[in-house]
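Colleague: Sharing a structure here in structure tokens format.
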Amino acid sequence: MAKKYQKSLIWFRRNLRLADNEALSEGINNSDNYLLLYIFDEKEWQNNPLNSRRSSDIKLNFQWEAVNNLAQNIKSKGGEILIQKGKPEEIIKRLFEEHDFDALFAPKESGTEEKQVESTIEDLFLKQKAVVNFYAQSTLFHEEDIPWPIGKLPDIFTQFRKENEKQTKVRELFETPEDFKSSIQVEVDFNFEELEINPVQFNLKSALDFKGGEDQGWERLQQYFWQNDQLKEYKHTRNGLIGESYSSKFSPWLALGCISPRSIYFEVKRYEKERKKNQSTYWLVFELIWRDYFHFVLKKFGDDLFKKGGIKKLDSKWKWDLELFNKWKNGETGVPFIDANMRELNASGFMSNRGRQIVASFLVKDLGLDWRMGAWFFEHQLIDYDVASNWGNWAYVAGVGNDPRENRYFNILSQAKKYDAKGEYIRHWIPELNQIEGFNIHKPSLLKEEEMIGEGLDIPEIYMKPIVDMRKWEY
């Protein structure tokens, strides 16, 4: 029996998975034949306002692994995916001219640049009397199911969370396709070298050996939930700094859509039924709802989220100082807790949630730098970069986003005392300070001369002078 469309284009974006993929399922179920496509957007190789490439080698390596795993999984079921690099609108226009598609199936993105691309491609298809199907599938709660239209979204997260917890049901999962025998066969000749990036080796100090891909995302979930049974401790360990077990670390796979938030949600529900239901299982879902909120905030405010004054349109006094910024970026501030976190980010493409809040607060509140400098660098370096979460969180810390407390400030030594009292994280990433005992490792510049002599130290010789006066954090 003939299906609704004779020939469709199924375009993968940040949905690099076969499981719970609405655009993929709908495209296959409604098309006699279909072309599977993924495009590495050339914008990732262009410079950002900091004059560095938009995406780092480590970030693009993870993305390549995810795409490659998707291609292998499609091939194992009898299909092929066409992989390209360039401008999505130009590549899709060329493919449309070659194949004369009846329809397009693709996920809808939250970012404003991505929406512009969607609009251009939609115009192309509609002019040729073809059908366009974009699906909102990146969030836990579907945008059509939340209690408000996007324009009426609450400005406070707590209201958003409570109302959704009360009345919004998570939609059921889409089935994984059984095969891709109806996919249009393409010549698969795209390889890693065409990305023009350097391969990245695993850094042994990193929290986890992150590998991109749907299989790898599910492997991490199985390990964290079921093999090691760590979900039941999540709420109490999530602010940790060292090792693979303190948090779920699902964010890199969520960011590229290697695993869906709904899949994680239903695994949590299964865990609660089969193992244990407690504050920790609730808290992981709580974090998924936070992620949703930032996606809907971006949909509501659009470009305003990326402006200096943020969605609050505040007149700010932040400065643009590349010398100061580079010290922060390179982990050369002379403040060990900041430098250790930045060293981890640069080495692994990942940083703990606690670390992100601390280094962001330091950049904005202590250095007085334009918060967007930090957001652009995170976009460049994080393997779990998510446009909504990244910019939403930075605006939040800067006081121009959705934080009801505009003057939120992190005392760096207080944070260090709370989350790294023995200095283990500093010893892990800044070994040149290992001679300093206990909590003193967090404040080498504040050690008295007799303390340095007692430990045989010459601080100026082994570590840089802090770029801020650390005495303001003493208590």
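Cβ coordinates are placed from backbone N, Cα and C, and glycine is handled just like the others.
Taken from TrEMBL, the feature domain 'Photolyase/cryptochrome alpha/beta' applies to 6-140. Per TrEMBL, FAD binding site is recorded for Tyr234, 247-251, 287-294, 384-386. The site 'Electron transfer via tryptophanyl radical' feature in TrEMBL is assigned to Trp318, Trp371, Trp394.
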Colleague: CA-CA, which of the recorded sites Trp318, Trp371, Trp394 lies nearest Glu287 (FAD binding site)?
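Modeller: So, spelling it out, the nearest of the recorded sites is Trp394.
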Colleague: By CA distance, which of the recorded sites (Trp318, Trp371, Trp394) lies nearest to Trp290 (FAD binding site)?
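Modeller: With Cα distances computed to Trp290 (FAD binding site), the winner among Trp318, Trp371, Trp394 is Trp394.
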Colleague: If I restrict to non-local contacts, at least six residues apart, and a C-beta distance under 8 angstroms, what lies near Lys249 (FAD binding site) in its own chain?
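Modeller: The list for Lys249 (FAD binding site) reads Ala207, Leu208, Phe210, Arg220, Tyr224, Phe350, given in order along the sequence.
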Colleague: Show which residues of the chain containing Trp318 (site 'Electron transfer via tryptophanyl radical'), separated from it by at least 6 in sequence, have their CB under 8 Å from its CB.
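Modeller: Long-range Cβ contacts: Lys308, Val364, Gly368, Leu369, Asp370, Trp371, Ala398.
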Colleague: Between Tyr234 (FAD binding site) and Trp394 (site 'Electron transfer via tryptophanyl radical'), what is the CA-CA distance rounded to a whole number of Å?
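Modeller: Distance between the two Cα atoms comes out at 24 Å.
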Colleague: What kind of secondary structure is Tyr234 (FAD binding site) part of, going by DSSP in three states?
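Modeller: Tyr234 (FAD binding site) sits in a helix per DSSP.
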Colleague: For Trp371 (site 'Electron transfer via tryptophanyl radical'), which of the three DSSP-derived states applies: helix, strand, or coil?
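Modeller: Trp371 (site 'Electron transfer via tryptophanyl radical') sits in a helix per DSSP.
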Colleague: To the nearest whole angstrom, what is the C-alpha distance linking Trp394 (site 'Electron transfer via tryptophanyl radical') and Tyr385 (FAD binding site)?
Modeller: 12
Colleague: Check each residue in the chain of Tyr293 (FAD binding site) that is at least six apart in sequence and keep those whose C-beta is under 8 Å from its C-beta; list them in sequence order.
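Modeller: Long-range Cβ contacts: Phe157, Phe160, Arg161, Gly392, Asn402.
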Colleague: Report, as a single number, how many Cβ atoms besides its own are within 10 Å of the Cβ of Tyr234 (FAD binding site).
Modeller: 24
Colleague: For the recorded positions listed here (Trp290, Tyr385, Trp394), which one has the lowest count of neighbouring CB atoms within 10 Å of its own CB?
Modeller: Trp290
Colleague: How many other Cβ atoms sit within 10 Å of the Cβ of Glu287 (FAD binding site)?
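Modeller: Around Glu287 (FAD binding site), other Cβ atoms within 10 Å: 18.
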